[in-house]
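Novice: One structure coming up, written as C-alpha cells, with questions to follow.
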Amino acid sequence: MSDVIKDLSELRLSYEQGELYETQVASNPHEQFLGWFNHALAANLHEPYAMSLATASASGRPHVRTVLLRGATEAGYDFYTNYDSQKGIDLAENPYAELLFYWPSLERQVRVGGHVVKIPEQESTDYYHKRPRDSQIAAHISTPQSGKIESRELLQQRFQDLQQQVQSREVLDKPEFWGGYRLQPDYYEFWQGRPNRLHDRLSYEKIDGQWTLHRLMP
C-alpha cells in the first residue's frame, strides 16, 4: 500500500491550456457558464454535460454521484431522478446542493451551488416522454433507486416483464416517484488550471440579488 501512495505522489501534470482574468469573463455567471459549456461541446469531449452532484443529509452526511445536465437557464440547472433515491431523500431533508463540471482536457472546472426545488410536474412529464422507451421502462422498475436487489438476473427479468406488459401501449405514464430537480444558483466558481499550481479561480456570489465577482487564492 505504501508503494502505491509513493507512486501516486509522483503523478502530476503542468496545466498550460489557458488563463482566466476578470476582464475576460461575463458579468453574468450563467453567460460565462454557457460560454465554457459550448466550448466543451465544440471540443467533442465525452459527455461534457455530465456533472457531479453533491447533496447532504439532515445530519450532514455527504453523498456525491454523477448525473446528467438536462436543462440550463438563468432560472437553474436541471437533472432528473427517482424521488425515492438517496439524492431525493437528501434534498427533502436539506434542499441545498452543488454541481461540479470537470473538463480535464480543457483544464477547467465549474462549481455551481444553490437551493434545489422540484421541477413542475408537467415539465417532468414532457421530459420523461422524450426519453427512449427502454429508459422509460427502466425508470418504472428501478425503484426504490439504490435499494438492494438479489441479483442482476432479477432486475433484467423485471425489465423484460414490463416490456411485454406495455408493448401495446403508445404512451407509458411517468411514474409518480420520478421527476426533475432544478438547482437555483447563488454561487459559481470557475477554475482554470495554470502552471506551478497558481491556478485561476473566479467566483460569483449572489448578494441582495446582484452577482459579485471575486478572485480566489489557488
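Keep in mind that glycine also has a Cβ here, set from the backbone N, Cα and C atoms.
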Novice: Which of these, GLN32, GLN109, GLN122, GLN167, does Swiss-Prot say binds FMN at the same site as ARG65, THR66, VAL67, LEU68, LEU69, ARG70, TYR80, THR81, LYS87, GLN145, SER146, TRP191, ARG201?
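Specialist: For the FMN site that includes ARG65, THR66, VAL67, LEU68, LEU69, ARG70, TYR80, THR81, LYS87, GLN145, SER146, TRP191, ARG201, Swiss-Prot also lists GLN109.
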Novice: Within a 10 Å radius of its Cβ, which of these binding-site residues (SER14, GLN145) has the fewest neighbouring Cβ atoms?
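Specialist: Among the binding-site residues SER14, GLN145, the lowest count of other Cβ atoms within 10 Å belongs to SER14.
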Novice: Compare all C-alpha positions of ARG12, LEU13, SER14, TYR15, ARG70, TYR127, ARG131, SER135, ARG197, LEU198, HIS199, the record's substrate binders, and send over the largest distance in angstrom.
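Specialist: The widest Cα-Cα gap among those binding residues is 44 Å.
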Novice: By a 10 A CB contact count over all chains shown, which of the binding-site residues listed here is most packed: VAL67, LEU69?
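Specialist: Result for the most crowded candidate: LEU69.
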